[in-house]
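Some notes on the structure that comes next.
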Ligand code: ADE
């Protein structure tokens, strides 16, 4: 998989990809992530990529031309399955969307800023808009990092134990069960006996029960989809 991230703040998004799982995924050659600075695609001598909104109103708008030039440049090198605009107005990111995107080959993520992008970008260049939650961030960079992380960890070979992504919360619309590690007792706080029993079937049954119980308590709306 290849992911290109277009941003006016490249520094803001580089570090999540230089550590831990995301770094290892790139080292193993399972994904390449390229952060692209939008500013050099500016067409004016001040290198600006935003301008005042037609009709007035507070806030600057990202111009269509630099974004078009940047995306056209990228498209001259490879074909993309999706050009995604990170926006609070987009479809809410869920595990099924992450699963779907993890099966694509090449993605562009466009990070918005200021009052967002000129509507013509959304009409003519973007194939889908994704939000990471019903709140507004100062830019799309952190949202793009969240989306890329959710997708990359699903690629075969990224997690050492491949089943661990399948047993994540939300993969079956249930919240994951509690987990414990050594010591089996700490300050009188005990690990449930069943987990120490070695009885595989009983352990699976207990975990499923706990998942259902937690989902019922915390996210009852998920149970309808389960
Ligand atoms: N940009 C600003 N807020 C955002 C959000 N909630 N999701 C995606 N992109 C955003």
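Using the three backbone atoms N, Cα and C, a Cβ is placed for every residue, glycine included.
Source: prediction; values computed, not measured.
Within the same chain, the residues at least 6 positions away from residue 135 (S-adenosyl-L-methionine binding site) whose Cβ sits under 8 Å from its Cβ are 88, listed in sequence order. Under the DSSP three-state reduction, residue 135 (S-adenosyl-L-methionine binding site) is assigned to coil, being neither helix nor strand. According to TrEMBL, the feature S-adenosyl-L-methionine binding site maps to 112, 132, 133, 134, 135, 136, 137.
Annotation source TrEMBL lists domain 'tRNA methyltransferase TRMD/TRM10-type' at 1-225.
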The largest Cα to Cα distance in Å among the residues 112, 132, 133, 134, 135, 136, 137, listed in the record as binding S-adenosyl-L-methionine, is 16
Residues satisfying Cβ distance under 8 Å from residue 136 (S-adenosyl-L-methionine binding site), sequence separation of at least 6: 88
Using a 10 Å cut-off on CB atoms, tell me which of the binding-site residues 112, 133 is the least crowded. 133
So which of the binding-site residues is most packed in, judged by how many other Cβ atoms lie within 10 Å of its Cβ, out of 132, 137? 132
Residue 112 (S-adenosyl-L-methionine binding site) -> DSSP, reduced to three states, gives coil
C-beta crowding around residue 134 (S-adenosyl-L-methionine binding site), within 10 angstroms: 7
